[in-house]
Amino acid sequence: MKADCRLYLVTPPALEPAAFAVQLATALDAGDVACVQLRLKDVDDDTVRRAIDALRPVAQEREVAFILNDHPRLAKEMGCDGVHVGQTDMPYREARKIMGGDAIVGVTCHDSRHLAMVAGEDGADYVAFGAFFPTGTKETEHRAMPELLTWWQEMMEIPCVAIGGITPENCGDVVRAGADFLAVVSSVWQHPEGPGAAVRAFNKAIAEA
Ligand SMILES: Cc1ncc(COP(=O)(O)OP(=O)(O)O)c(N)n1
Ligand SMILES: Cc1nc(C(=O)O)sc1CCOP(=O)(O)O
Ligand SMILES: [Mg+2]
């Protein structure tokens, strides 16, 4: 059992804020979730602001960290707890400068030991590896293996996030390999019995891994 692995929910790529706030509350009330990332692609800043206004309180009232994908300035302006930046977004150091020392800043590192070491040494709060499994949520060019997580855990103290196609059924190897967080989209929001059932299934799978 690796009880210290936790869930990191990432929102669906498109959502209607008021309706999704209800879904999010259902997910967060169902079990243990460490953080929520708002990930909206190809929308304008005001659309992101409206979504933050609807969703940030749902997470923060439950003491769940609220992280914005891609947009450090909006994350700072809107009171998010952190930001996630990819390799083609803003460089980590610039994001940190905008967010300040206390905020969470996470960095995508694909399947690269080098990128992860650089992010870790620069001061990232977590590194994210993926994709561990095929995913329909986004086109991915990189495939990460569970051994990468084990190597990271042996080398570094900074938490690592596993992402990409992770489900309650396939997460065991990733959890046992050393993931500190499982970042998930479709297996939660498209779960046939709803997001609450998905969170419960993940919590059980993690506890039994
Ligand atoms: C936790 C987490 N890990 C990886 C990503 C992917 O970020 P990025 O490579 O910038 O791609 P987009 O998500 O922006 O399309 C992530 N968002 N979250
Ligand atoms: C947003 C994202 N980033 C990835 C990466 O590999 O960096 S995979 C991915 C999509 C994750 O969605 P799902 O849980 O539905 O597979
Ligand atoms: Mg990005």
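Cβ atoms are placed via backbone N, Cα and C, with glycine included.
Model, not experiment: these values are computed from the prediction.
Residues or ranges marked as domain 'Thiamine phosphate synthase/TenI' in TrEMBL: 7-188. Residues belonging to the domain 'Thiamine phosphate synthase/TenI' (7-188) score a mean pLDDT of 98 in the model.
In the shown protein chains, 21 other C-beta atoms lie within 10 A of the C-beta of L40 (4-amino-2-methyl-5-(diphosphooxymethyl)pyrimidine binding site). As annotated by TrEMBL, 4-amino-2-methyl-5-(diphosphooxymethyl)pyrimidine binding site applies to Q37, L38, R39, L40, K41, N69, T108, K138.
Sequence-distant neighbours of D70 (Mg(2+) binding site) (same chain, 6+ residues apart, CB-CB distance under 8 A): R39, K41, V83, H84, V85, G86, D89. In the three-state DSSP scheme, D70 (Mg(2+) binding site) falls into the coil class. If you look up TrEMBL, you'll see D70, D89 marked as Mg(2+) binding site.
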Do you know which of the binding-site residues Q37, L38, R39, K41, D70, D89 end up with C-beta under 6 Å from ligand 3?
D70, D89
Cβ under 6 Å from ligand 2: which of the binding-site residues Q37, N69, T108, K138 qualify?
T108, K138
Checking the binding-site residues L38, L40, N69, D89, T108: which ones have Cβ within under 6 Å of ligand 1?
N69, D89, T108
In sequence order, what residues of the same chain, 6+ apart, have a Cβ less than 8 Å from the Cβ of K138 (4-amino-2-methyl-5-(diphosphooxymethyl)pyrimidine binding site)?
P13
Check the DSSP secondary structure of T108 (4-amino-2-methyl-5-(diphosphooxymethyl)pyrimidine binding site), expressed as helix, strand or coil.
strand
